[in-house]
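Have a look at the structure below, then the notes.
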Amino acid sequence: MRPIDDSSLTWDDGALVTVDQRGLPHEARPLRLRTADQIIDAIKTLAIRGAPAIGIAGAFAVVLATRAHTRDGIVDVAAVRAEADRIAAARPTAVNLAWAVDRVRPRIAEGADAVLAETLDMLAEDGRVNRAAATHAADLVQRLCGPRPLRVLTHCNTGRLATSAFGTAIGALRVLAERGAVEEVLVDETRPLLQGARLTTWELAEAGIPHRLTIDSAAAWAMATGLVDCVLVGADRVTARGDVANKIGTYAVALAAHRHGIPFVVVAPESTRDPATASWRDIVVEERAAEEVTAFAGSATAPVGTAAFNPAFDVTPADLVTAVVTEHGVVHGTVAAEPGARIAATARELYARGWMPGTAGNLSVRTGDTAVVTASGLAKGELSATDMVRVAIADSTPLPGQDRRPSAETTIHTAVYRATGAAAVVHVHSPFATALATRAGAADEVRVLRITDYELIKGLGGSDPTAIDLAIFPNWRDVPRIAADIERRLAEHPGAPPVLCIAGHGITTWGENLTQARDRAECLEAVCELVLRTGREHAFAPQTHVLEMGPT
């Protein structure tokens with residue numbers, strides 16, 4: 001039996017080497033896959049399965065496709081891209097497959113070695129990411145359930161077979177077991193393909209974690225009779241609002257956990273989160289062959305010709321999920337994420353849009369008479385929940401005993417908090433709003449631009465849904481001076497909209513929570529883009545005089 005820390009996917013002499021999961025637990029058949037078609041077939045037939053694992057396997061398939069379409073050192077880029085599309089479509093529900101293929105696409109023109117280097121980096125990252133997510137999840141479970149040996153129910157398979165190393169939900173079980181905090185794991189068999197019975201029990205036995213197997217339909221009764229303290233599962237896709245697509249049967253487990261007040265915790269890498277998918281209704285749920293239901297171990301269990309409903313996945317609504325935990329900590333769930341986790345997740349989203357390039361920009365959340373704000377000098381695309389500073393709203397000073405330091409722009413946040421009832425502030429450098437502010441602003445005075453008759457104005461939080469007076473502040477080198485200007489104007493104009501611009505600098509928005517503040521930043525950027533794209537020029541006046549700008 002292989003050591004559990006071994007990777008389930010390796011690259012050897014031009015081939016992807018793995019174990020055929022269809023043979024487990026009785027036979028660990030090695031697979032040596034040398035073509036993209038072989039990998040696609042392995043993914044479709046579940047020889048390779050698990051969202052992170054099929055993502056990495058898909059990237060290796062692009063490596064092999066690039067090799068196959070290279071002649072005399074020249075890559076047929078169009079042919080490889082077409083192959084990449086086919087690879088990404090092999091299983092539609094798990095977002096990791098398309099994510100991994102998209103990650104290596106930009107390297108195709110550089111040749112197979114470049115695609116391979118990116119894929120090997122991804123493979124190395126997977127173990128680190130899984131271990132981090134598993135540790136965060138174990139910490140959360142112990143916080144929710146207490147420091148005692150726990151009885152945990154899990155569904156499907158989420159170990160190194162489903163990833164490449166360590167595992168997600170099984171990884172969390174391993175961390176808990178290392179802490180002496182596992183009494184027993186109850187494993188759903190996971191019909192119809194028995195990933196729990198065949199794979200999870202095999203991995204738990206390998207790790208020496210005590211467990212029992214149960215039929216899927218007994219999970220709710222196990223909860224009702226007090227045999228379960230917590231549920232830990234993985235995910236194939238997490239929507240923008242926190243809905244979770246996972247192996248069929250997960251939704252039923254979540255419903256039972258909700259009914260009995262048992263924490264339902266999802267453990268998955270960030271690559272499983274899909275901000276482009278708004279809700280569960282947008283997820284394509286794969287349906288598989290009827291024979292998986294109408295037969296068992298090769299023998300028919302239903303009359304010939306019996307029709308079957310055989311979805312491979314279901315989607316658990318966000319309100320049934322206690323927490324979605326990634327390598328960055330809690331990012332979704334009914335359990336309130338710590339401010340740092342929420343801020344870090346939002347910062348990564350805004351970084352991906354190009355609004356917080358490098359170390360620029362900052363976000364904050366009010367916590368009583370203090371605020372939690374992103375620390376200075378850190379790349380916003382890599383923030384974690386601990387990359388924050390708590391400051392006093394009264395004077396912007398950091399509370400003692402912290403390693404991180406706040407940036408000078410923290411004074412803008414605290415100025416907004418002192419002058420308004422805001423609970424969160426977003427300060428970013430979105431391009432269209434910054435460009436408009438640069439054109440409209442002045443070096444030494446606040447200017448106001450009236451924008452009218454754009455539908456998105458209603459998303460800016462002003463009192464008039466058809467018009468907004470957008471204040472544009474001068475960009476003083478001394479940032480506290482900008483903050484003083486902002487606080488003074490907000491005090492003088494208590495009905496001012498919760499958005500503003502700083503010439504040549506960026507935008508600041510605020511709201512009742514971080515989501516609302518972020519949404520207002522999105523709407524402001526969109527409105528400013530519309531204004532600029534109309535191509536109309538105006539002279540801009542100081543704050544005592546307002547000029548109008550609206551659609552012609």
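Cβ from N, Cα, C; glycine included.
Under the DSSP three-state reduction, Asn246 (substrate binding site) is assigned to strand. The substrate binding site annotation in Swiss-Prot covers Arg49, Gly50, Ala51, Arg91, Gln195, Asn246, Lys247, and the record cites similarity to another entry as its basis.
Residues within less than 8 Å, Cβ to Cβ, of Cys156 (site 'Transition state stabilizer') and separated from it by at least 6 positions along the same chain comprise Ala162, Asp188, Thr190, Gln195, Gly196, Thr200, Val233, Gly234, Asn246, Lys247, Gly249, Thr250. Annotated site 'Transition state stabilizer' per Swiss-Prot: Cys156, in sequence order, evidence recorded as similarity to another entry.
For 334-535, the entry in Swiss-Prot reads region 'Methylthioribulose-1-phosphate dehydratase activity'.
The Cβ of His427 (Zn(2+) binding site) has 28 neighbouring Cβ atoms from other residues within 10 Å, across all protein chains displayed. Per Swiss-Prot, the feature Zn(2+) binding site maps to His427, His429; the stated evidence is similarity to another entry.
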Around the substrate site recorded as Arg49, Gly50, Ala51, Arg91, Gln195, Asn246, Lys247, what other same-chain residues have a C-beta within 8 angstroms of the site's C-beta center?
-> Ile54, Ala94, Cys156, Asn157, Ala162, Gly234, Asp236, Ala312, Phe313
If we count other C-beta atoms within 10 Å, could you say which of the binding-site residues Gln195, Asn246 has the fewest?
-> Gln195
According to DSSP, does Gly50 (substrate binding site) fall in a helix, a strand, or coil?
-> coil
Lowest local Cβ density (other Cβ within 10 Å) among binding-site residues: Arg49, Arg91, Lys247, His429 | His429
Among Arg49, Gly50, Ala51, Arg91, Gln195, Asn246, Lys247, listed as contacts of substrate, what is the widest Cα spread in Å, to the nearest whole number?
-> 17
